Amino acid sequence: MAEPSTSDPPAGGAGDLKVTTGTSAGRLALVLCLAEVLGMAGTMTFPALLPTFFAEWGLGNVEAGWINGVFHGGYVAAVPVLVTLTDRVDPRRIYLFSTALTVLALLGFAFLATGFWSATLFRALGGVGLAGTYMPGLRILSDNTAGPGQGRYLSFYTACYALGSSASVLLSGLVGAELGWRAAFVATAAATAAALALSWWGIPGNPPKTTADRAKTAETALLDFRPVLRHRAAMGYILAYSAHCYELFGMRSWLVAFLAFALATSAGTTPEGAAPAMVTTIGTLILLLGLPASILGNEAATRYGRRRVLMVIMTGSAALACGVGFSASLPFWLTVCVVALYGVTVTADSASLTVGAVTNAAAGRRGATMAVHSFLGFGAAFVGSVMFGVVLDLAGGGASPLAWGLAFASQGLVVALGPVALVLLGDMGDGKPG
């Protein structure tokens, strides 16, 4: 492999770090994307097996929403520290430690979880693990790429979140159906251990910061985010991303349960026990649509103007969300088509929002900007997962088509706030990436 070359640092203040080009950057992007997918193997295991836990543990919708949401709560609690630290220490160290923590959290769930409280503990630890891998991985990639290709590499990485979620649903559903839910968690822990080995081998360490960059970072305390909050260019994307995460993770957390309900409704029965393998497979395919949707959404944003394209996508997704839940009364194949279309709109803005925040970060504040981006985004994801269950219960429970309709519609109302943030905090753009 050719030795990485060095070029001018990208906008956003990564001048302390080497910037790779060509084959080196592509190889690093591939390693990080593969590690991301493997490392996310356990993120969707509980949501994918939710019908099983309803039956085995007697969970209510609100309890299930909390277990789903506390994963994002753990993420939110840890991400301000772990991601901001990437401005001060080598992100690789944070990445490896957090991947190892994720393995332990999944094994703990597999062997020690017996109900609501123990499940909550291990899901929260899993969220902490993701906090130390997802955005630090993005930081590693952004610090080691530059030029026109940087946005594309970042969009591939963020789009692989959808691939990781899809693979998690598929692996968890298949293993859970054959060997039980505990075996599913063991299998996902093994995949995450493979991510640890891959990242140990394939992610380079970064050289120390220059004196100028150390001085810039030292101007503020570790958790002083006021400079980021005052930076309108990034905050518009960050707030819109929060609305996006509320909708996206509410949908992901309840997707399999909704499909199981729709299938049972179409057959004139009620869902009982584990979801059929067909349901988890369909859920996997729907989540997989997020990969091309996210990449193509960012390509469109780069060509036609980031804010302009994002407003169209988010407005369309909000409108579609108001009808998704009510589609359960349609023939099942038609319900799947509606949900698949929603799976596209709900993810098409993902990469573009993150790229917008990262590339508009102030000099010396990239890690802090990513921390605020993740903190607010996944904080909204936590609330969205829980509130979906709350609305479901208040509107009549998981056996009511009306309740499912209102639960999804509530997600749409929140994502509609994203375009508002983009309008209030920035110009519409002139076709340039930012």
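Note: Cβ is positioned from N, Cα and C throughout, glycine not excepted.
These features come from TrEMBL:
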TRANSMEM  28-54  transmembrane segment
DOMAIN    28-430  domain 'Major facilitator superfamily (MFS) profile'
TRANSMEM  66-85  transmembrane segment
TRANSMEM  94-116  transmembrane segment
TRANSMEM  122-141  transmembrane segment
TRANSMEM  153-175  transmembrane segment
TRANSMEM  181-203  transmembrane segment
TRANSMEM  249-268  transmembrane segment
TRANSMEM  274-297  transmembrane segment
TRANSMEM  309-334  transmembrane segment
TRANSMEM  340-363  transmembrane segment
TRANSMEM  375-396  transmembrane segment
TRANSMEM  402-425  transmembrane segment
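With a threshold of 8 Å between CB atoms, the same-chain residues lying at least 6 positions outside the transmembrane segment (340-363) that come near it are 10-13, 138, 142, 150-151, 154-155, 158-159, 161-162, 216, 227-228, 231, 233-234, 236-238, 240-241, 244, 247-248, 251, 285-287, 289-290, 293-298, 301, 306-307, 309-310, 313-314, 316-317, 320-321, 324, 369-370, 373, 415, 418, 433-434.
Contact between the transmembrane segment (375-396) and the transmembrane segment (274-297) is not supported: fewer than 3 Cβ pairs lie under 8 Å, counting only residues 6 or more apart in sequence. Within the same chain, residues 20, 64, 67-68, 71, 99, 102, 105-106, 109, 119, 123, 126, 130, 133-134, 137, 140-141, 144-145, 153, 156-157, 160-161, 163-165, 167-169, 171-173, 176, 181, 184-185, 187-189, 191-192, 194-196, 198-199, 202-204, 252-257, 260, 271-275, 280, 283, 287 sit at least 6 positions outside the transmembrane segment (28-54) and bring their C-beta atoms closer than 8 Å to a C-beta of that stretch. The transmembrane segment (181-203) shares more Cβ pairs under 8 Å with 94-116 than with any other stretch in the list 94-116, 122-141, 153-175, 309-334, 402-425.
The highest tally of CB pairs under 8 A with the transmembrane segment (309-334), across 66-85, 122-141, 153-175, 249-268, 274-297, is held by 249-268.
The transmembrane segment (66-85) shares the most Cβ pairs under 8 Å with 122-141, out of the stretches 122-141, 153-175, 274-297. Annotation: stretch 274-297 has the most Cβ pairs under 8 Å to the transmembrane segment (153-175), among 122-141, 249-268, 274-297.
Note on the domain 'Major facilitator superfamily (MFS) profile' (28-430): its mean pLDDT in the predicted model is 89.
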